[in-house]
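Taken straight from Swiss-Prot:
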type	residues	note
ACT_SITE	67	active site, nucleophile
BINDING	125	substrate binding site
């Protein structure tokens with residue numbers, strides 16, 4: 001229906017902006033952003049768009065630049081096109097050209113002033129920890145398997161709530177960031193246990209480079225009582241980046257969604273990624289953690 005060959009259009013054909021709700025399984029990608037020696041989500045998506053609209057160079061802009069191995073359930077992307085494809089037809093047209101690890105949930109027309117990144121008022125991430133004794137093959141690509149002790153999610157929740165508001169979170173920023181500052185507004189936090197799964201969500205106006213994975217490493221240390229709350233708070237409040245060493249693995253992290261002042265997509269355009277495999281409910285319970293060391 002949409003041939004790959006170039007379509008001759010009138011010179012006056014207007015440029016249109018299209019917004020996409022995109023999911024991807026990030027295991028085999030170097031992240032969202034193009035890299036010279038690796039395959040990125042951006043590269044694959046731009047190549048698929050270019051097949052359908054070859055009249056102009058395509059640049060896909062995302063709400064969040066996820067790292068290598070990180071997944072997305074509700075990444076938001078925009079690009080500009082000048083071809084004849086109606087906005088509502090972009091999703092099926094792209095899905096016919098994309099690998100199974102990238103799916104476009106919905107496509108909508110947007111004004112030229114709307115920007116997937118700059119117009120976003122928040123991003124929300126979820127980190128999933130599998131805290132069961134036995135390994136679970138079907139959870140491996142989506143979670144961090146921590147099975148040494150039963151994690152204390154209560155103390156983890158207390159630590160998370162202390163981050164709410166406008167904060168300087170330099171302690172959770174990896175080296176190599178190009179941000180001018182490390183301030184961000186943490187808008188909402190949530191931690192929930194369902195059997196052996198622990199799901200931690202954090203919503204903020206923006207995220208620092210490597211922030212969520214470094215934070216999750218500290219939270220797990222708290223939950224295992226290898227770290228106490230006083231030390232955790234001192235590290236981030238006093239910007240002791242050198243003491244924040246352990247980063248959680250990428251596969252447990254998922255960009256749930258980006259939010260805007262108005263609803264861009266229909267309710268079905270967002271998908272709350274929730275693992276629904278057998279959680280090993282009959283496994284014997286893990287031992288509780290010992291008391292944290294004082295410092």
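Yeah, the Cβs are placed from backbone N, Cα and C, and that goes for glycine too.
The residue listed as 'substrate binding site' sits 13 Å from the residue listed as 'active site, nucleophile', taking the CA atoms of both as reference points. Cβ packing within 10 Å was compared across the recorded positions 67, 125, and the lowest neighbour count falls to 67.
The residue listed as 'substrate binding site' carries a strand DSSP state (E or B).
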